[in-house]
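Annotation comment: TrEMBL describes 47-73, 476-496, 540-560 as region 'Disordered'. Under the heading compositional bias 'Low complexity', TrEMBL lists 53-69. According to TrEMBL, the feature compositional bias 'Basic and acidic residues' maps to 486-496. Here TrEMBL flags 554-631 as domain 'UBX'.
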Amino acid sequence: ACTGIENIDEAITLLEQNNWDLVAAINGVIPQENGILQSEYGGETLHGPAYGPTSHSTAASSAPSSSSAFRHVVPSRQIVERQPRMLDFRVEYRDRNVDVVLEDSSTVGDIKHILENELQIPASKMLLKGWKTGDVDDSTVLKSLHLPKNNSLYVLTPDLPPPSSSHSGALQESLNQNFMLIVTHREVQREYNLNFSGSSTIQEVKRNVYDLTSIPVRHQLWEGWPSSATDDSMTLAVSGLTFPCHRLTVGRRSSPVQTREQSEEQCTDVHMVSDSDGDDFEDATEFGVDDGEMFGVASSALRKSPMMPENAENEGDALLQFTAEFSSRYGDCHPVYFIGSLEAAFQEAFYGKARDRKLLAIYLHHDESVLTNVFCSQMLCAESIVSYLSQNFITWAWDMTKEANRARFLTMCTRHFGSVVAQTIRTQKTDQFPLFLIIMGKRSSNEVLNVIQGNTTVDELMMRLMAAMEIFSAQQQEDIKDEDEREARENVKREQDEAYRISLEADRAKREAQEREMAEQFRLEQIRKEQEEEREAIRLSLEQSLPPEPKEESTESVSKLRIRTPSGEFFERRFLASSKLQVVFDFVASKGYPWEEYKLLGTFPRRDVTQLDPNKSLLEVKLYPQETLFLEAKE
């Protein structure tokens with residue numbers, strides 16, 4: 001009767017929110033200018049004007065019988081002066097909670113001024129969130145919001161840097177959350193489901209929608225943005241969007257030649273539009289549009305630089321331009337593209353050692369597909385995807401937008417993968433791009449494990465990459481096992497070959513040593529023979545030069561010498577006493593004992609005869625009439 005609420009579930013919810021206080025529940029939903037209903041059980045009175053047949057207002061306007069029903073439930077009451085109603089607010093900011101109590105006649109700005117003193121934050125930098133209604137500014141009177149007695153709010157400060165020591169847990173959690181934006185294109189009645197992280201900005205959303213709808217950012221007319229989203233540089237986490245899903249509507253703004261009054265009339269119920277004026281043509285290039293698009297002359301060719309030059313002679317140069325353009329569009333966090341030909345990418349991925357091999361991922365880009373921008377920015381540039389690709393894949397890319405580049409890739413595809421795969425790619429429609437091909441190298445051919453189309457999600461893309469890795473890992477383990485066995489066989493063969501080589505070397509060295517020894521023996525034998533021949537010649541010469549042995553009955557004095565050799569043999573000879581000692585030396589030498597090698601010793605007294613003067617006579621050296629001498633080798 002008081003509130004016009006007929007839904008029992010809604011009524012019970014309101015009562016639970018007010019701890020089953022009927023008066024507080026009613027005061028929380030009826031217009032405050034009608035006064036405050038007090039409980040009659042405690043003898044309290046009703047403040048405000050009397051409720052009569054004409055006293056029902058906005059809250060009861062939807063129920064025509066509410067005023068009469070109210071008259072039957074509440075009899076005439078005493079009317080007294082209205083007392084101020086106090087409201088309690090608990091305001092959360094980062095790791096602090098501030099309790100604020102003030103009258104319902106205060107404004108939102110009064111709360112900010114109290115928080116400014118408590119939190120030491122300028123009121124102009126605060127965004128006060130948590131209101132149950134959307135249109136709230138600093139001049140809004142609290143009683144016009146129909147608030148319950150106890151309220152919870154929170155403060156955001158997107159323009160202030162986060163504290164160095166600790167960051168707000170709630171804000172950080174919001175930045176890490178993913179928001180699902182359901183964007184309806186008004187003119188074609190088509191919906192797009194877009195996933196964005198909380199750290200993405202409103203400007204990034206608008207640019208992505210531009211790629212999907214071909215409506216330049218400055219021509220976009222939006223509905224559904226929260227009132228707090230007043231700046232395109234604001235992140236989604238602090239913009240006030242409904243989590244996890246928020247609906248938006250976008251359309252094309254009318255031609256810029258229309259009058260400002262017409263534009264304002266058409267935008268009266270639009271919550272948020274691009275904050276650029278139509279006259280700022282010099283800023284159009286900042287959003288990727290040109291003057292032709294400002295006046296409705298949209299051209300996809302003028303919108304972006306090509307990802308890859310047409311008819312590029314060198315694939316490496318084409319990939320360099322592709323990587324630079326990709327970075328300029330989607331940022332530096334993207335897969336590391338292999339710079340070089342497709343054959344070189346095969347060589348890098350498949351033809352190294354089994355432990356070092358990787359899968360080959362081929363990214364096929366198409367600028368005219370509506371899925372390209374979302375796939376690149378949301379899936380291909382996701383940190384998890386980039387990290388997984390860099391660890392397990394060699395990533396190669398090609399632009400299929402130009403017909404010449406498309407034909408060139410299909411030719412390469414036919415040569416490397418066969419006509420079936422080439423035909424599969426040839427039949428793909430533009431809106432099915434971009435494509436992501438997962439290639440695994442085998443002994444005799446290259447196998448296409450998966451063809452991933454652009455209409456996928458990060459989780460699905462990661463799952464398909466991981467599934468391909470499972471297949472590849474099983475094959476890689478077999479290849480590693482085969483390679484290890486082959487290397488073991490080769491090692492045994494190398495060891496055998498090395499042992500055989502060492503054995504041959506040893507045999508050759510032994511043979512060469514024997515040959516050298518034989519040669520040396522032969523040489524020494526030759527020297528020995530030559531020396532013996534020389535010695536024999538000398539001996540014969542000395543023997544022939546000796547004077548004849550005197551006879552025993554000779555009348556001249558004769559000395560008889562008996563000489564003992566080192567072997568114990570004796571030989572005797574007679575010499576004239578007048579003969580020189582040298583004749584004895586020559587005789588001994590003629591017997592094979594040259595005086596250079598042997599010395600001739602006397603017995604009594606013991607003396608070395610070879611030390612005597614060889615020119616003296618035997619008589620002078622006292623070797624007369626007879627003497628026994630013996631030979632001894634010199635040291």
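Any Cβ shown, glycine's included, is placed from N, Cα and C.
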Tertiary contacts of the region 'Disordered' (540-560) (same chain, 6+ residues out, Cβ under 8 Å): 572-579, 583, 586-587, 589-590, 618-619, 623-627
Helix-strand-coil residue split for the region 'Disordered' (476-496), DSSP-based: 21 helix, 0 strand, 0 coil
Arithmetic mean of per-residue pLDDT over the domain 'UBX' (554-631): 89
